[in-house]
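J.: Structure below; questions to follow.
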């Protein structure tokens, strides 16, 4: 390794680097008496103990203190992103029982919108001059924002970060809006074309449907197995007040719904949605200063944001959907949390299509390789089985507003670990796993634990309402907030009604 140091004093570099296990090699310069102390003189560094410099420092803990979300609805253009972000953010601040003045970093997550939509949303809470970051990472955008917040807090850059995800979408399948430049997933689509061909079905349905076909061909899964995943998720959604759809279907109804791209029928595909979700991430010091909130704090025990490997283009339809990065992210997050998948009770994973849930069950290690369909057949993805996967209803039934999806998954798991999701709770839960995927590609896997290390115990709606800043249980009731509650959450020192416009009135009118 080589670096350039200008104007070093004798012994300065040796003293500063010695403890790191790095020694200096000072070459002699002909005609200069071998004097190494010259401006701009190159110094070669020999690392004798590379682990001292390369090993990452142990990160400080980061906790989810507050969560909030809107109901996910069909995209009809009636609700603007400013309202979605405002509602979710205010709910998260009230849930955390803090004021926006406590927030030192803001992270906005969205895919469809102009630059600085984040500022437009955050300025409604207050104009406190904090850094605001706008994040776009395809369908994993929300959890990418969460990962950034955790990095900020764990590194000491932040004590309290607010992440707000929102999406105002268009009806129908996902579209690309820039036709005068290369599509970032164009190489993925080209590989699909060369290996499986192209049909008239929506592109994403083809990609994930092809992966499902390969799973059938390689491991003996049947179309009924994919339909069963969708049936379970639709059934779960009945207990989630935020779900876009809450209808229950029989296996036969799922199979007989319109075929999109075999093995995927319509009821096995997630809808586009409008919605918002928000998360407050805080440091140990921030939490210690508020000991009365520790019982609701949830530890981000392990987390990994991973991107694709060369195997993406191995001509396997399964690999083309990010199987390799799913494996890496899961192993890294679980190892950091010091748990295995056997310690996990509740899972929220990215079921944009039932085929992806099948593949991800395999990639995360929830089943033996090639046996995800056996887990499904044995009833081990729902209540009474090994795991409860997507108790929220998943993307298939809850909906999929891209920027909000990962944060909504987080909210669901936080409610489980607090014991607030009392109408869909899994007894004995100590750890939860979240998986959020975006083609292009990125995946975030997160492991959550209660801050006190205890098992989740059911808490009644009345007790939750007495404890939190909302006055009701947000896990079981999709309600709103009062004008006085908004006043409590918005900045005291830097609020601006011009920035807020009539958003508050519009949100309250929907309640």
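Just so it is clear, glycine is given a Cβ too, placed from its N, Cα and C backbone atoms.
For reference, TrEMBL lists these features for the protein:
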{"type": "DOMAIN", "residues": "64-284", "note": "domain 'Thiolase N-terminal'"}
{"type": "DOMAIN", "residues": "323-440", "note": "domain 'Thiolase C-terminal'"}
{"type": "REGION", "residues": "458-499", "note": "region 'Disordered'"}
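Context for these features, please: burial, neighbours, distances.
T.: Predicted-model confidence for the domain 'Thiolase C-terminal' (323-440) is 98, expressed as mean pLDDT.
Taken through DSSP, the region 'Disordered' (458-499) splits into 17 helix, 0 strand, 25 coil.
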J.: Taking helix as H, G and I and strand as E and B in DSSP, count the residues of the domain 'Thiolase C-terminal' (323-440) in helix, strand and coil.
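T.: Counting residues per DSSP class in the domain 'Thiolase C-terminal' (323-440), I get 56 helix, 15 strand, 47 coil.
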